[in-house]
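I have placed the structure first, in the form of structure tokens, so that the comments after it can refer back to it.
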Amino acid sequence: MAHALVTFRDVAIDFSQKEWECLDTTQRKLYRDVMLENYNNLVSLGYSGSKPDVITLLEQGKEPCVVARDVTGRQCPGLLSRHKTKKLSSEKDIHEISLSKESIIEKSKTLRLKGSIFRNEWQNKSEFEGQQGLKERSISQKKIVSKKMSTDRKRPSFTLNQRIHNSEKSCDSHLVQHGKIDSDVKHDCKECGSTFNNVYQLTLHQKIHTGEKSCKCEKCGKVFSHSYQLTLHQRFHTGEKPYECQECGKTFTLYPQLNRHQKIHTGKKPYMCKKCDKGFFSRLELTQHKRIHTGKKSYECKECGKVFQLIFYFKEHERIHTGKKPYECKECGKAFSVCGQLTRHQKIHTGVKPYECKECGKTFRLSFYLTEHRRTHAGKKPYECKECGKSFNVRGQLNRHKTIHTGIKPFACKVCEKAFSYSGDLRVHSRIHTGEKPYECKECGKAFMLRSVLTEHQRLHTGVKPYECKECGKTFRVRSQISLHKKIHTDVKPYKCVRCGKTFRFGFYLTEHQRIHTGEKPYKCKECGKAFIRRGNLKEHLKIHSGLKPYDCKECGKSFSRRGQFTEHQKIHTGVKPYKCKECGKAFSRSVDLRIHQRIHTGEKPYECKQCGKAFRLNSHLTEHQRIHTGEKPYECKVCRKAFRQYSHLYQHQKTHNVI
């Protein structure tokens, strides 16, 4: 068994303050990724020392450089001072780890790989630096590393592109060794006039103008300007996600992604907008949000005129018009124009829903679905339309609503020329012409055009009714049903019938009611020719011909063709009668029964005969009365062929034949 003395110093990457200032934002993010991953690998080898300050700062997303000291003495926590270097020799920070030679070599390869990413970038930088001292430092450093690797044959080496300092030398001498960097010298780009602190940053910037991309991915052919970008990109092909959230188990390709994700669980939003006091998880989100106040939108689509704040979103949008979908699901072959859409789609196959609502226990595949769902409990509607003041739970709902005011509909159907504001709406609409129903119920085989309709349908089988009325406790399968139901408690009825003065909570109720006066029955049964005022009545009627009775009572086994009949029947077993008359105290199991009963007290008779002017409380009474004028007798006795206007009369007659 081989024994190796491994310290955090062996896998740390050190920079002076001036060297740190030369790194751009992307390089600093890479430094954070490499340092954290190396430390995690060291812990997996058995390192049990106290967590270094630099790791704590990096995990918190803070700047790792200490600013309390003067310019020549400042250093990053990765740069060890004489005091800290001596401290490493104590038993507290050096641990003897018993590992097999093979396992050490395997981990060593991983650490070298992570360090090499950063080493290549830093060595590239030294090629552009004009300071001779920095070049000499780079050469001497390579010699030291080479010497260390050749002499430490017995002990496996974990050396990356480390800066190995003599503990007897001061930090000032260390800075001299690394070369002097004159921060006063500015370098201007001749193309656009941008100014940079050093030649390296200028050279990287100029690649934007030249379009130079020297690093190519062998898997997909995508090219990158920097080697570290290629290395990070390759993780998408390998599927490597080394950073795992301990709260929900979700894994990430980069540490900053994990850091941003963890803020979802903590609820911490450290980046505040000074204009509206809105909080955000990341600085990027805040930057994007600020453009709402400034109105800056620089990228315009030539096809439809839509403008975007970021070029990233603009390029994604362009794929809608070109039809390009480069991201394909390996499970089902479905392709997507945006990588994020593929990532979300893949969770359908895994079935993983790690985000759970603490209020109702409902789980979601994506965190923002949970965030949107929570607003239903809190009653929050943070997205307000500036045109009409209407508020929404979800930003997407607001964006859809805005098209009402703008009237822009750039996506037209090629079959019927109907136009839509969103490509997704057009895609769904096209299924009407193609007959495509991609969402199938595994229980009964019924297929649907929309996933949301399938989800609602599946609740018929599961019996789940997640939407509960806080006023009366009644539950519903569909959100739209509870929205309609809530208006029962408000008593607001803004829709009034001009003929009889009756008021309704909803416009479509008024439309259906007006057919009573006009006699219009647009929904006709193809089997028997019977017509109906409402589509729902026709659908229920069709079940008579099919003999289908899908609603079974678990208490007594009785089956029903209509859901309404089934719901009414269940109240026999429960005895629940939530609708009470304020006049006489009589209670009813259905609101419609209460409404009909109240006409006894009010004297209301909305159904009037056009022949003689007689009025009735119920539409069925009017129908029976009209048969006096028409002479219609639809109920015939099968024994003697005598016919009757009302079913009750036939029932009484059949007793004479001893049929009943």
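Just so it is clear, glycine is given a Cβ too, placed from its N, Cα and C backbone atoms.
Looking at 51-73, 97-119, 143-165, 327-349, the range annotated in Swiss-Prot as zinc finger turns out to be 327-349. Packing against the zinc finger (355-377) from elsewhere in the chain are residues 248, 261, 264, 344, 347-348, 393-394, 466: each is 6 or more residues past its ends and has a CB under 8 Å from a CB in it. Listed by sequence, the residues of this chain that lie at least six past the ends of the zinc finger (635-657) yet keep a Cβ under 8 A from its Cβ atoms are 624, 627-628. Same-chain residues lying 6+ beyond the ends of the zinc finger (467-489) with a Cβ under 8 Å from its Cβ atoms: 456, 459-460, 505-506, 578, 591. Within the zinc finger (607-629), the DSSP-based counts of helix, strand and coil residues read 11 helix, 4 strand, 8 coil. Residues of the same chain lying 6 or more positions beyond the ends of the zinc finger (495-517) and with a Cβ under 8 Å from any Cβ of it are 484, 487-488, 533-534, 606-608, 619. Listed as Cβ neighbours of the zinc finger (383-405) (distance under 8 Å, sequence separation of 6 or more from its ends, same chain) are residues 372, 375-376, 421-422.
Within its own chain, the zinc finger (411-433) has Cβ neighbours under 8 Å at 304, 320, 400, 403, 449-450, counting only residues six or more beyond its boundaries. Sorting the zinc finger (635-657) by DSSP state (H, G, I as helix; E, B as strand; all else coil) yields 11 helix, 4 strand, 8 coil.
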